[in-house]
Amino acid sequence: MAGLVPVPVSSAAATTSAPLAPVVLPKTSESEQLLKIRHSMSHVMAMAVQKLFPNAQVTIGPWTETGFYYDFDNPEPFTEDDLKAIKKEMGKIIGRKLPLERIEVSRDEAETRIKAQNEPYKLEILERLQEPITLYTLGDQWWDLCAGPHVENTKELHPKAFELESVAGAYWRGDETKAQLQRIYGTAWETPEQLAEHKRRKVEALRRDHRRLGKDLELFSIEDEAGAGLVFWHPRGARMRLLIEDFWRQAHFEGGYELLYTPHVADISLWKTSGHLDFYAESMFGPMQVDEREYQLKPMNCPFHVLTYASKLRSYRELPIRWAELGTVYRYERPGVMHGLMRVRGFTQDDAHVFCLPDQISDEILRILDLTERILSTFDFNHYEINLSTRPEKSIGSEAVWELATKGLTEALERKGWNFKIDEGGGAFYGPKIDLKIEDAIGRMWQCSTIQLDFNLPERFGLDYVAADGSKQQPIMIHRAIFGSLERFFGIMTENYAGDFPFWLAPEQIRLLPVTDDVQPYAEQVLNQLKTAGIRATIDQSGDRLGKIIRTGEQMKIPVLAVIGAKEAEQNAISLRSRRDGDLGVTSVDALLKAAQRANAERQPGLGLNP
């Protein structure tokens, strides 16, 4: 699939400084009516496109979590003016109050209909469809192969509650060797008020875009000369990453984990044993020849932890074993899907694996849930959406083991007191899992943490332990990631904070602003005191006027700006301006040191000083 190529669409955008309106935006996955509205709106759009552009051929057009899209094969690129015309035509179609009717047809009848319209993409879709074959008509002039569901009549679609948002390139079937299509994205809601709120949030999302903030705040970059999807951490971003990693390590040591460091490459035979070459080869970088052996970059850390476990004979008395690693992995991502820090080719997973006894599952899962909550809440993620995925039709492992594992996950979630949904049959073939999504400041949900039981790798590698009766038994293996990808989590976190990082996490916590050269020696004295106390502080050396250096500090989102003039130097004090708390007035250096050290130790968002 090709990357997004936004085409701006005129709309009355709300200012980003205004607070988000208290309008609850439903999700497609939670509202059957909204799903029908969006699915039907995609058909209305396709009908409008084919009326205005008779040579355009339709392919697929599903609903999404926030709207809908349709892929078209059209000789000419769609422009902003085209989108306006399409939207206008859609309004006319809605106003005609056309019925949407489901019709069941034979394969031959469907093929006859498609050939009459000369729609080769539909013929290819038809080849893959299982009977019964259904199509939906829109009035008596337009139809498409579709399983539904849809609204009964276009009068259920509000003419002022939809928008066409952008055009992107997309390959047919997501295959770069096939035809390149044009994907028109739209959004549709039940009311105009919901649409207005959606637009407001989109503007806010642009303000928070981690790619822009990463550049403006000098945190990271992706350099074309090095290659796509490879992250360069700049000093300010690297400082933040170190703080995150140090906290992560501390939390894991306190949670009973030991740390591992494992290689970045392995002999290709390891990936054969693990099954990655059978099931994951397309996402792996190709092999490299070294000393007549083939090696490949690791796409996952799991097999390395398995080998570490297998390096010696284990006893049931050792279990549970908890190992964690911040391990860099490498995965091939197509050019069109890479996106800032969210989708990259080299990234760090906060992987952990727990090897335990069957009767330890519930307790170990609960420990993981507690640790997950501790870590995520430290970064102000406190609202979660949790799914428990159970055994699919095709799976490995006995019914008894699956039942025991699923029961352990369920019990742990219930003991934790968290609400969760059950995705029947949604687990991996090798074990049930818990997926946790986090909600950010503007209501978006992000897939983050995963807890996955694995019956596959222990079997493939022949893992065992000596049980109390002297027999050898296979341990239960739990995969677990809290951040998922450290890079991706950093991007989500940056957007959640809009670059206004809490004091403890900010790469530069305090910037000293000497008003004149005469107070420079005093400013340097204060700087030394701050640095000695472990505070990340700098002095503005630009020589610009006070107003400009304050604006520069605000643009860099420095949590605390400390103005130093002759009065402050005489009083052994400083004047503080906090991004969170405003003007804090004149404060002694000693009070600042104590407040800053306390904020760092307790990982607080601000200094805690009163104006």
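Using N, Cα and C of the backbone, Cβ positions are placed for all residues, glycine too.
For the Zn(2+) site, Swiss-Prot gives Cys302, His479; the one candidate out of His234, His252, His353 that the record lists there too is His353. The secondary structure of Cys302 (Zn(2+) binding site), as reduced to three states from DSSP, is helical.
Proximity of His353 (Zn(2+) binding site) to non-local residues of its own chain (separation of 6 or more, Cβ distance below 8 Å) is seen for Cys302, His305, Val306, Tyr309, Arg322, Trp323, Met477, Ile478, His479, Arg480, given in sequence order.
Cβ atoms within 8 Å of the centroid of the Cβ atoms of Cys302, His353, His479 (the Zn(2+) site) belong to the same-chain residues Met300, Asn301, His305, Val306, Asp351, Ala352, Gln452, Asp454, Leu457, Met477, Ile478, Arg480, site residues excluded. Looking only at the region 'Catalytic' (209-502), the predicted model's pLDDT averages out at 94.
DSSP gives His479 (Zn(2+) binding site) a strand state.
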